[in-house]
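Pulled from TrEMBL:
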DOMAIN    32-403  domain 'FAD dependent oxidoreductase'
BINDING   Thr72, Ser73, Thr237  FAD binding site
BINDING   Arg349, Gly387  D-dopa binding site
Amino acid sequence: MSPKSSTRLLWGQNFSLRPGPQINPTNSSPNILVIGGGVTGLVTAWVLLDRGYRVTIVAKEWASYTKQQRLTSQIAGALWEYPPAVCGQHTDNISLTKSKRWCMVAYRVWGTIAANQDLAAASGVQMRSSVFFFPNDIEDDSKQLAKLHEIQRSGIKGVQHDPSLIQRLDIDPSYGVVDAYEHLTPIIDTDRCMAWLTALAQSKGAELITETIHGDLFAQEDNLLARFDADAIVNATGLGSFEVAGDPTCYPLRGSLIRIINDGKDFPKISTAMSIAADAARDSEIVFIVPRNDNILLLGGIAQRDEWDLNLTLESPIIQSMRHRCEAFLPVLKNARLDPDYPIAQGLRPGRDHNVRVERELRRHGTQNGQTRLRHSRIVHSYGHGGAGWSLSFGCAEEVASLVEDALRGVPATPMAPYSPEIQSSL
């Protein structure tokens, strides 16, 4: 039997920031196989471990810290955002509605981490002001106004609708932005946080295995459960779900960020995130300026669907255009120095036509021991997060934990659906 637990993250009951699991497993506790070593896999493993499960994490690679290609979770801008994210592409109503709850779960956890000086230093999580700019008055844009009102009601801290932010932050008035609002948001140094998450998962009892699993998980479910002595499987493979979930609607959304030195020598040190989202920008051209840590500033961004190649350079026209766009928006950036160790980062966001999928596997096995007997799968999926993996992390993990418990208890799988009106009204 699976550990009895609330479906929600409850501090001090089924969730903890400390090393070691909140609920200690026993030899008979279910073992959950988590496939994927990015932020989704690690946070999901953390949540499961604290609920008393044993967890094995299998990944083809882990976070690395060389000048070579890094994990998508490391390359991510990791600016927490209320959905839809700056890069756009979040159009499915069910996914968008659920993401508005998932993101707030993550907001509270990241915020709690940032409020603890020692944890903030170890994890690279800080609460900073994030300002969103618009080429039209928000009051005249029903979609943006509705989003602002949701943010004001959500519990996000420091929300201020204030066009004077444009002048105060030295935005070039000729760029054409006329309105703005700000709020406090978690900003995450992904390199540091991935190392911290990995170490925390291990301290809570996770076993890490480096291996690439090929093929549809459903077709090999029984074999995987037996080979890893597992009772259920969580698919957190991101773009790999094209293969392992048999989902042809998955696609890459190529992104890139320029990394510049933000030490106050070439321009006044920037501690505020600034952006123009794809759904607000003219011609959908994103502006994304985010402090990565106390020394690096990120400039972006792009969102190129179905581009699989990671062959962009600083000389690529789209990268030059991206940089010029940021410099035109914030002219002090023209004096910037590139990070000599890692000047350009690029990766493939895990896109999906219906956006985020946090759902049980709906296919059923047709035979058992040679007899026709439909069996529910014990695979739970969490993928398709696009550019919002960090923003949705703990919310999706909370829901995955609930679905894992359902799978272990033999509850029939049902399609992903919106929250009930009661839950939705509380968002």
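Residue positions begin at 1 at the first shown residue.
Placed from the backbone N, Cα and C atoms, the Cβ positions cover glycine too.
Curation plays no part in TrEMBL annotations; they are all automatic predictions.
Just so it is clear, the model here is predicted, and its values are computed rather than measured.
All features noted in TrEMBL, drawn onto the structure.
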residue	record	CB count, 10 Å
Thr72	FAD binding site	22
Ser73	FAD binding site	28
Thr237	FAD binding site	28
Arg349	D-dopa binding site	26
Gly387	D-dopa binding site	28
An 8 Å radius from the center of the Thr72, Ser73, Thr237 Cβ atoms defines the neighbourhood of the FAD site; name the other residues of that chain inside it, in order.
Gly36, Gly37, Gly38, Val39, Thr40, Gly41, Leu71, Ala236, Gly238, Leu239, Gly240, Pro350, Gly389
What whole-number distance in angstrom separates the two most remote CA atoms of the FAD-binding residues Thr72, Ser73, Thr237?
11
For the C-alpha pair, I'd like the distance in angstrom between Thr72 (FAD binding site) and Arg349 (D-dopa binding site), rounded off.
7
For Arg349 (D-dopa binding site) and Ser73 (FAD binding site), determine the Cα separation and express it in whole Å.
9
Measuring Cα to Cα, tell me the gap between Thr237 (FAD binding site) and Gly387 (D-dopa binding site) in whole angstrom.
14
